[in-house]
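Q: Before I ask anything, here is the structure I am working with.
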Amino acid sequence: MQLIDGKSLANKVQSSITSEVEKLKQEKNIVPGLAVILIGDDPASHAYVKMKAKACEKVGFYSITHNMPDTISQDEIVATIEMINDNPRIDGILVQLPLPKHVDTNAILEVIDPKKDVDGFHAYNVGRLVTNLDSFVACTPLGVMKMFEEYKIDLKGKNVCVVGASNIVGKPMASLLLNADATVTVTHICTKDLKSHTSKADIVVVGVGVPGLIKEDMVKEGAIVIDIGINRIEDGSLVGDVDFENVSPKCSYITPVPGGVGPMTIAMLLSNTLKSAQVRI
Ligand code: NAD
């Protein structure tokens, strides 16, 4: 069994981004800029945004966070995004999810200029991803693809079972895998007999939010298991969606939690923001 080390791969990606930022500053006098919209006081969202801001600083980006109370109206959020859309110093806009219940998340995401949509959630970018055109791709699945590339894991013709079908994880993951010529099965909460799907797969990618959902008898010998789940359990520790202790001995490759997909998500956010800055007009 080989561990897929997301932390060291993310560090490698970040160092190459740092060099590219230096080049961009010297050649075009451009400093990539990321704006984050953070609404409410959910501790997990605050922690994620802090990590993202720190990562921006580390690679030499300019970053700003618009902190708003959870009583803010839809119109005020829209007005803020429109203002950032027009800000020439900003190349990427990220709206930290989840948003408060009274806010229409899809409508908010649609206001982001698709050219600054570094999270890849705008329907324009989703459509381009599905049709295999160049686009901004959601950071978590993009990070998983980078892991496959780094570890030279061939996807062509492989049976891949994606567990979880959200707009931000499972669906873009499935599109990327399909674009890479894998045979993809997408499963979700209504799937009957999940095990019958996961146990046939050469690769299982799970992003659900249920600790220990994937058990030893659900994966075949030699499978590759990618665990996107991040769950804080009672003792305060972070675990994924895979029963790591019992599943890992059966795997050829597996990602740990923490230190797997999580760091790659932030690295891909930086990578998407750099990509946007490189075509700034
Ligand atoms: P979500 O709640 O939007 O979607 C969950 C998906 O899992 C849904 O499609 C649902 O049908 C499916 N599901 C739920 N229970 C299931 C079950 N018992 N069997 C099969 N499918 C089931 O969640 P999300 O935003 O997609 O996040 C999923 C997980 O990934 C969470 O743990 C989240 O913290 C984590 N996540 C991690 C990163 C990262 O950087 N590693 C990024 C985003 C999300």
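Think of each number as a place in line: the chain as shown, counted from 1.
Keep in mind that glycine also has a Cβ here, set from the backbone N, Cα and C atoms.
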Q: Which of Ile153, Ile189, Ile224 shares the NADP(+) site with Gly164, Ala165, Ser166, Ile230 per TrEMBL?
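A: For the NADP(+) site that includes Gly164, Ala165, Ser166, Ile230, TrEMBL also lists Ile189.
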Q: Do you know which of the binding-site residues Ala165, Ile189, Ile230 has the most other C-beta atoms within 10 angstroms of its C-beta?
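A: Per the Cβ count, the most surrounded site is Ile230.
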Q: Over the domain 'Tetrahydrofolate dehydrogenase/cyclohydrolase catalytic' (4-119), what is the model's mean pLDDT?
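A: That region's mean pLDDT is 97.
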